[in-house]
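Here is what Swiss-Prot records for this protein:
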- THR12, ARG16, THR265, GLY308, GLY409, ASN413: ADP binding site (BINDING)
- THR12, ARG82, GLU83, TYR134, ASP243: sn-glycerol 3-phosphate binding site (BINDING)
- THR12, THR13, SER14, THR265, GLY308, GLN312, GLY409: ATP binding site (BINDING)
- ARG82, GLU83, TYR134, ASP243, GLN244: glycerol binding site (BINDING)
Amino acid sequence: MAKYVMALDQGTTSSRAIIFDHSGKMIASLNKEFRQIYPKPGWVEHDPMEIWESQIEVAKGVIEKAGIKPEDIAAIGITNQRETTVVWDKNTGKPIYNAIVWQCRRTAPICDDLKNKGFDKKIREKTGLVVDAYFSGTKVKWILDNVEGAREKAERGELLFGNIDTWLIWNLTRGKVHVTDYSNASRTMLFNIHELKWDKEILEELNVPENMLPEVKPSSHVYGYTDKSIFGVEIPIAGDAGDQQAALFGQACFKPGMAKNTYGTGCFMLMNTGEKAVPSKTGLLTTIAWGIDGKVEYALEGSIFITGAAIQWLRDELRIIDNAPQSEEYALKVEDTNGVYVVPAFVGLGAPYWDMYARGVIVGLTRGAKREHIIRATLESIAYQTRDVLEAMQEDSGIKLQALKVDGGASANNFLMQFQADILGVPVDRPQVIETTALGAAYLAGLAVGFWNSREEIEKNWNIDRRFEPAMEEEKREKLYRGWKKAVERAMKWAEE
C-alpha cells in the first residue's frame with residue numbers, strides 16, 4: 001500500500017519536490033534554483049527545458065532523500081507559478097521560444113490596444129481578470145506574432161500551448177497528455193469562467209488558434225501516468241492547481257468566506273466565494289479556486305506587489321539590517337513608529353489601487369525618527385496593505401471575515417502577525433505547516449486516488465501553530481489606519497509626467 005504523496009511545486013525561482021505522509025506531515029523536501037533571463041528591460045524569461053530538468057532532478061532526488069521507493073508514492077500533485085507561458089512543437093517536444101514569465105511586461109502595448117478598443121470590459125466580464133501583461137493570453141499572441149514560422153505552424157496544428165503545469169504533465173507522460181486544470185485556465189485571460197470553456201471571441205480577438213490549447217479538467221483528477229522510463233513505475237498524476245489556489249486548498253479554506261494570505265515577495269490574499277463567481281467592484285480579480293467532484297468553486301484575489309521585498313530593500317539597499325529576522329528585533333525596540341509611515345510602492349500599487357504611477361514614500365519624519373522607526377514602519381506597511389485588500393474583499397463579497405489564515409516566509413515574524421491581527425481587528429491563524437502550496441497540490445492528488453477520502457479528513461490535518469488575537473483598542477486602530485490612507489495619497493500618481 002502506497003504511504004505517501006509527492007508534490008511538485010514549480011515556482012518562479014526554483015523547482016521543488018516534497019513528500020507528504022497521510023497526516024499531511026512533510027517527510028522530505030528538495031529544491032533547485034534555475035536561471036532568470038532578462039533579454040531587455042522589463043522582459044523576463046525562463047528556459048522551459050531547464051524548468052523540466054530541474055523539476056525531474058528534485059523529484060528523483062527527494063524519493064532517495066526520503067529513503068522510500070517510487071512504488072510507495074500513491075500519486076503526484078502539481079502546483080506552479082501561474083500565467084507563465086510555454087509554446088512547443090508537438091512533434092519534437094521542443095519549445096519554440098523561452099517561457100515568458102508572469103512578471104514580464106513586454107505585452108503591455110497589446111494590452112493598451114485592447115483597452116483602447118474597449119475590449120477590456122468584455123474580458124473582465126468573461127474571465128474575471130483585468131487586462132494586464134501579467135496574464136497568458138497576450139504572451140501567446142506575442143510568441144505567434146514574433147517567432148519566425150510560429151503562426152504558420154500553429155495554423156497547421158503543430159504547436160501546443162501550456163502554462164507550466166501543462167508543460168510538466170506533457171513531459172511526465174512523454175507527450176501522451178495535454179491538459180490543464182480550471183484554476184490555471186482561469187489565469188490565461190482566454191477562459192470563460194462562467195461557461196467553463198475557452199472563449200472563442202477572445203481567441204479570435206488575440207488570433208490564437210484553439211487547437212493549441214490544452215483540455216481543461218478538474219483540479220483533482222487522474223490526468224494520466226508518469227512514463228515508466230522516468231521513475232521505473234507508472235505513478236498517477238492526479239492533482240493540478242495554480243500556486244495561490246493550491247495554498248487556499250492546503251489551508252483547508254473550503255467554506256465561502258474563508259481566506260488565506262500568503263506573505264512572500266508580495267502578498268496574495270484569496271477568499272473562497274463558493275459556487276458563485278463574485279464580480280469585483282473594487283479592483284480585485286475573480287478567479288476559479290478549483291474544480292472538484294463535478295463542480296467549480298470561485299475565489300476573490302487581491303495581489304499586493306511589494307511586501308517581503310520591502311524587507312529585502314531594508315537589508316540590501318538601505319543596509320540598516322543584516323538579515324530579515326533582524327527586522328522583528330529592531331521593531332520591538334521601539335513602542336511605535338513615532339508617526340512614521342513607509343509606503344513601499346516601488347513598482348506602483350496593486351489591489352485595490354492599481355496605480356502604475358505610484359512610487360515609494362516615507363512620511364511623518366521628525367528629528368526624533370530613528371532607524372528602528374523606519375524598520376518598524378516598513379513591517380507595518382505589510383499589514384496595512386493587507387487591510388486595504390481585506391476591506392475590498394469584504395465589500396465585494398458581503399462576507400465579514402472571522403479569522404485570517406496565513407502562510408509564507410514572513411508569517412514566521414511574530415511582531416508582524418500580532419500587528420496584522422491588531423490592525424484588522426480579527427484573529428490571525430498560523431498553521432504548523434507553512435508549506436501550504438505544496439500541501440494543497442498533494443491533497444488534490446491524494447483525494448483523486450482515494451489516499452484521502454474527503455475534505456473533512458483533510459480539515460482534521462490542519463493544525464494551528466499559533467493564534468494571534470487582536471489586542472489594540474478600536475480608536476487607536478482606526479487612527480493608525482487613517483494615517484496610512486493619508487500616506488498612500490502622497491504616494492499615488494507620483495511618477496506621472
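Backbone N, Cα and C define each Cβ position, glycine as well.
Positions of Swiss-Prot features highlighted on the structure.
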residue	record	Cβ contacts under 8 Å, 6 or more apart
THR12	ADP binding site	GLN81, THR84, VAL101, TRP102, GLN103
THR13	ATP binding site	GLU33, PHE34, GLN36
SER14	ATP binding site	ASN31, LYS32, GLU33, PHE34, SER54
TYR134	sn-glycerol 3-phosphate binding site	GLU83, TRP102, GLN103
ASP243	sn-glycerol 3-phosphate binding site	ASP9, GLY11, THR79, ASN80, GLN81, ARG82, THR437
GLN244	glycerol binding site	ARG82, THR262, PHE268, LEU270, GLU301, THR437
THR265	ADP binding site	ILE306, THR307, GLY308, ALA309
GLN312	ATP binding site	ALA324
GLY409	ADP binding site	TYR263, GLY264, GLY308, ALA324, ILE434
Which of the three DSSP states, helix, strand or coil, fits THR13 (ATP binding site)? coil
In the three-state scheme derived from DSSP, which category covers ARG82 (sn-glycerol 3-phosphate binding site)? coil
Cβ neighbour count (within 10 Å, all chains shown) around GLU83 (sn-glycerol 3-phosphate binding site): 25
Those residues of the chain, 6+ apart, with a Cβ under 8 Å from that of ARG16 (ADP binding site): LEU8, ASP9, GLN10, SER29, LEU30, ASN31, LYS32, VAL58, ALA438
Under 8 Å Cβ to Cβ from ASN413 (ADP binding site), same chain, six or more residues apart: give me those in sequence order, or none if nothing qualifies. PRO325, SER327, GLU328, LEU379
On the three-state reduction of DSSP, what should I expect for ASP243 (sn-glycerol 3-phosphate binding site)? helix
Near glycerol: residues not in ARG82, GLU83, TYR134, ASP243, GLN244 with Cβ within 8 Å of the site Cβ centroid are GLN81, TRP102, ARG187, GLY242
If you draw a 10 Å sphere on the Cβ of ARG82 (sn-glycerol 3-phosphate binding site), how many other Cβ atoms land inside? 26
For the ATP binding site, please report the maximum Cα-Cα distance among THR12, THR13, SER14, THR265, GLY308, GLN312, GLY409 in Å. 18
